[in-house]
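Below is one structure, written out as structure tokens; comments come after it.
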Amino acid sequence: MTIRSPEPEVKILVDIDPVPTSFERWAKPGHFARSLAKGPSTTTWIWDLHADAHDFDSHTSDLEEISRKVFSAHFGQLAVIFIWLSGMYFHGARFSNYEAWLSDPTHIKPSAQVVWPIVGQEILNGDVGGGFQGIQITSGFFQIWRAAGVTSELQLYATAIGGLVMATLMLIAGWFHYHKAAPKLAWFQDVESMLNHHLAGLLGLGSLSWAGHQIHVSLPINQLLDAGVDPKEIPLPHEFLLNRDLLAQLYPSFSKGLTPFFSLNWSEYSDFLTFRGGLNPVTGGLWLTDTAHHHLAIAVLFIVAGHMYRTNWGIGHSLREILEAHKGPFTGEGHKGLYEILTTSWHAQLAINLATLGSLTIIVAHHMYSMPPYPYLATDYGTQLSLFTHHMWIGGFCVVGAGAHAAIFLVRDYDPTTQYNNLLDRVLRHRDAIISHLNWVCIFLGFHSFGLYIHNDTMSALGRPQDMFSDTAIQLQPVFAQWIQNTHAAAPGFTAPNAAAATSLTWGGSDLVAVGGKVAMMPIPLGTADFLVHHIHAFTIHVTVLILLKGVLFSRSSRLIPDKANLGFRFPCDGPGRGGTCQVSAWDHVFLGLFWMYNAISVVIFHFSWKMQSDVWGSVTAKGVSHITGGNFAQSATTINGWLRDFLWAQASQVIQSYGSSLSAYGLVFLGAHFIWAFSLMFLFSGRGYWQELIESIVWAHNKLKVAPAIQPRALSIIQGRAVGVAHYLLGGIATTWAFFLARIIAVG
């Protein structure tokens, strides 16, 4: 008898035409909720509409329908991203000096925005060099285009049109997969298939296609650009693709074709797949041959990873088996039950993804300056500062979002009866120990980090510098960080004998890469000032985590409110007659967590901005390196007064004195954003009753004049007021910082 593997069963994974397409719904705001569909009777309606429009859980309890809406919305999100990208590329094609910058990136500044002189604001068009008048941009697009091998504005036009085509496709896909062929719930829950496709397809083939583009297009074009060839003389991408001899002139191993690949002599390809380390001295960026090698390696890893999970063929890993086998001697049932959670609660899934993505985004921020990936990025200080700040803020918001969705999962999706003695249950049962220990850590870090600063300010004020904690008095050197730096700096000759240079110049040594007389990257020394600020970082991060984690762990119940789960994710208080129960909802913890996230990230970007200007960025002359602020960080950052005087006040002079110059828009934004920030306090420090009384008085006046509105005005609810408050607080604070940073660094960098 013959034994055959079982036939893979054919599953029907879509429903055809589940929801009719109708434009009439567009004319009925709030059609998704019975209470909202009636239309507005009070002004609260518009706030509830915004709060619930994307809260698909509140529209229906059918998980399949929720999943389809989320899936469809993702295509809409991608369409918006493609339209935005297309706009960036169009600006590069139509309003930029990209071709001029490409021919002289060390003297000409990037600009892709030209202000039209409608009411005399053409003063904003500064001279960026090469006879071009425009606003200096700090997005890094020019550098990424150069790294990708873009040599003309026509290519940017073509890509901009391609972006619009892709956006159209995404919008059609979003409609198609909700109205025409909507996936069944089983398709959304098929985690093994999803892992295989996302790992091998998205990450694996995505990296492979980028590696292919780098090898066949970017490397030859950048090699010629680095050698000083005029961009107009460089062959077009398709010529490199179609004519192997052109490539072989630059990378001789191309003449051998695929023979070395199939004969396993892969080292033959080492002319374009390198392992150099360090930075290209011409551009100040990573060697593009290193990054091509890196993406090829990543592609191989992820394509292999995308074949690990069991689908129709009965071989490979099963996620459920992995999770249920994951038990330790002290962890009860281990991860049993988590599979069900992660396949039925998209909030739980989203919380993990946001926490991971947020952490990765912050890691990206730190690599963008220490290992600058694109040509001429490292010497464009405005772009370096912008990219670091941007990725830090994004990471902070993602991490707070993780706390929000973890709490929503516990309130809406968690079923305690199915989770007995697994890790989640055990964490929830000893939450008091977790939170009280974390609270102790926060108190310790807060008093000690702040205490060191208060000591220094007091000694400085009393004229006793010899009794301060500083590099020139009582030293508190960050010895562990210095040990890590030295280990990495010594690696090339020691633990990594094949590496020509350390992974980053920041680790130490004597190397300095300068491009056009500007420092690209050099060793970053750490001292007492960094030790002090580091502990402020530790403090603010731990407090943010304390607030978010307390919100998550006590989202279903607490000693104060044992039935909290019944009150939902957001509620103002536990009903009338129970004093002292306001601001305890999971939503309120997210609200408070946002302020501490803002604190934490602000200290990080201030530290980065000042440290780089003091110890890294600057010009190289015959006498040595002249840093922008002359190395004043080590002495001044050891007191709070030093931060206020030598960082905030000293460096705000550019934005405050920007009127009458091309930077004046930053002066206006600095003022306006301060106003938005202050406006937020009106919402955060006021009571609802105060506004309701005022509104009723104003309505009385309208009634007197017979102009009373049909929709009855209402004061914002407590939670709506706090949401408006925190939104303006963050918007005002971030925009103020943005104007302060850019006016400063564009003026001096």
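Placed from the backbone N, Cα and C atoms, the Cβ positions cover glycine too.
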Which range is it, out of 195-219, 245-269, 470-494, that shows up in Swiss-Prot as transmembrane segment?
195-219
Honestly, do the transmembrane segment (589-610) and the transmembrane segment (156-179) touch, with at least three Cβ pairs under 8 Å and pairs 6 or more apart in sequence?
no
When you tally the Cβ atoms that lie within 10 Å of each candidate's Cβ, which of the binding-site residues (Met682, Tyr690) has the highest tally?
Met682
Would you mind reading off the Cα separation of Trp691 (phylloquinone binding site) from Met682 (chlorophyll a binding site), to the nearest angstrom?
11
Starting from the Cβ of His674 (chlorophyll a' binding site), draw a 10 Å sphere and report how many other Cβ atoms land inside it.
15
Return the count of C-beta atoms lying within 10 angstroms of the C-beta of Trp691 (phylloquinone binding site), excluding that atom itself.
17
Measuring Cα to Cα, tell me the gap between His674 (chlorophyll a' binding site) and Tyr690 (chlorophyll a binding site) in whole angstrom.
25
Between the stretches 156-179, 195-219, 346-369, 385-411, 663-685, which wins on the count of C-beta pairs under 8 angstroms to the transmembrane segment (531-549)?
385-411
I need to check the long-range neighbours of the transmembrane segment (663-685): which residues 6 or more away from its ends have a CB within less than 8 Å of a CB in the stretch?
121, 123-124, 126, 135, 654-657, 716, 721-722, 724-729, 731-736, 738-740, 742-743, 746-747
